[in-house]
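Contents: one structure, followed by commentary.
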């Protein structure tokens, strides 16, 4: 078993590293993948990131939110420590909420080529307004393309009260 773990770890530079370097600006190069052991199964992988932080590009004030990333993998999967470091890289990055969510989705599509992915940010109110951008993608020419449209067209039909943040 030890040999298998070492072999799988060879290309993962972040996981298990004792010299973790935290990026100070947007850093998609932090992302790493590993092989999906079950590419013939359709299943969701979901990450909840309750401490996402970025900066308003106009005022420079911090924005705080919960980011949910869910995807159906194909051949590659994102390694969670590299994802954590990548998400940390937004900490001092100036971008609107909508741009952050779409950038995260686009970077993960380029990295993994998932069958389906969705990214949903639920940000804390600032100025009395909370912003909850949602974006998704289904691989063109597959059942996941239609699934993405169905999910988007029915997104947030029953929104929750905003007093839960």
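Positions of Cβ are set from backbone N, Cα and C atoms, glycine also.
Automatic, uncurated: that is what TrEMBL annotation is.
What TrEMBL annotates here:
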ACT_SITE  56  active site, thioimide intermediate
ACT_SITE  63  active site, proton donor
BINDING   78, 79, 80, 97, 98  substrate binding site
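Mapped onto this structure are the features recorded in TrEMBL.
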residue: 56; record: active site, thioimide intermediate; DSSP (3 states): coil
residue: 63; record: active site, proton donor; DSSP (3 states): strand
residue: 78; record: substrate binding site; DSSP (3 states): strand
residue: 97; record: substrate binding site; DSSP (3 states): helix
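Note: the CA-CA distance between residue 79 (substrate binding site) and residue 63 (active site, proton donor) rounds to 25 Å. For residue 97 (substrate binding site), the Cβ neighbour count at a 10 Å cut-off comes to 21, with all displayed protein chains included. If you measure from the Cα atom of residue 97 (substrate binding site) to that of residue 56 (active site, thioimide intermediate), you get 8 Å. In this structure the residues listed as binding substrate are 78, 79, 80, 97, 98; their two most distant Cα atoms lie 24 Å apart.
Checking each of the recorded positions 63, 78, 80, 98 against residue 56 (active site, thioimide intermediate) by C-alpha distance, the shortest gap belongs to 63. When the Cα of residue 63 (active site, proton donor) is compared against those of the binding-site residues 78, 80, 98, the shortest separation belongs to 98. Sequence-distant neighbours of residue 78 (substrate binding site) (same chain, 6+ apart, CB under 8 A from its CB) are 31, 32, 33, 108, 111, 112. Of all Cβ atoms in the protein chains displayed, 14 besides its own lie within 10 Å of the Cβ of the residue listed as 'active site, thioimide intermediate'. Of all the recorded positions listed here (63, 79, 98), it is 98 whose C-beta has the fewest other C-beta atoms within 10 angstroms.
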